[in-house]
């Protein structure tokens with residue numbers, strides 16, 4: 001008697017069960033690193049995922065705290081709840097791995113290698129380093145003068161394994177990495193990605209500057225749509241500027 005969407009969700013996420021016939025409320029568990037975390041997802045009547053509300057325990061909220069903007073971005077970009085749950089599980093796996101890594105003693109060569117990499121890159125590009133030298137934020141300015149940050153979460157096996165990279169992008173950012181690479185290689189890939197998004201952000205900046213934007217109130221760089229006022233009581237949703245193929249994304 002449940003909706004086809006709810007049945008599909010159950011097949012892919014057996015620990016997350018629909019709470020009503022319409023598929024607007026789900027409750028259960030998401031599993032990562034062999035642990036189950038209680039979660040509740042509430043969808044509006046129109047089942048628009050971007051307007052979903054996620055409720056979870058204080059413990060899970062704390063684990064995912066630094067990944068909030070990624071999850072909000074995924075809520076907007078995923079076509080359905082099943083896709084979002086796959087993304088949520090992936091993010092949770094990364095978050096848990098990083099939490100565990102904080103307690104793994106790091107060899108002296110880890111610190112010497114990281115400090116050397118930061119010196120090669122240039123300290124003027126570093127926006128933040130935590131006291132344990134496990135999180136680094138790098139800053140960059142694109143060719144239009146926009147400021148951007150990339151957050152690097154380094155695990156104990158760096159540089160054999162690459163850091164997890166968090167960016168405020170409307171598209172996935174995958175790093176190409178070899179054990180002999182350094183932070184400068186990641187930074188150069190970050191700069192290249194910024195330039196590839198230049199036309200997209202130019203278009204949205206022009207919309208923000210020349211129209212009355214109703215939603216979102218404070219758009220992030222990962223936001224892909226704008227709802228604008230175009231007349232008396234009328235609104236229009238501006239689709240992704242790249243949908244016409246102008247930016248080649």
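Every residue gets a Cβ built from N, Cα and C, even glycine.
What TrEMBL says about this protein:
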type: DOMAIN; residues: 9-93; note: domain 'Fanconi anemia complex subunit FancL WD-repeat containing'
type: DOMAIN; residues: 108-197; note: domain 'FANCL UBC-like'
type: DOMAIN; residues: 199-232; note: domain 'FANCL UBC-like'
type: REGION; residues: 228-249; note: region 'Disordered'
type: COMPBIAS; residues: 234-249; note: compositional bias 'Polar residues'
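Break the domain 'FANCL UBC-like' (108-197) down by DSSP state and the numbers are 31 helix, 22 strand, 37 coil. Across the domain 'FANCL UBC-like' (199-232), DSSP assigns 12 helix, 10 strand, 12 coil. With DSSP states grouped into helix (H, G, I), strand (E, B) and coil, the domain 'Fanconi anemia complex subunit FancL WD-repeat containing' (9-93) comes out at 39 helix, 23 strand, 23 coil. Per-residue pLDDT, averaged over the domain 'FANCL UBC-like' (199-232), rounds to 86.
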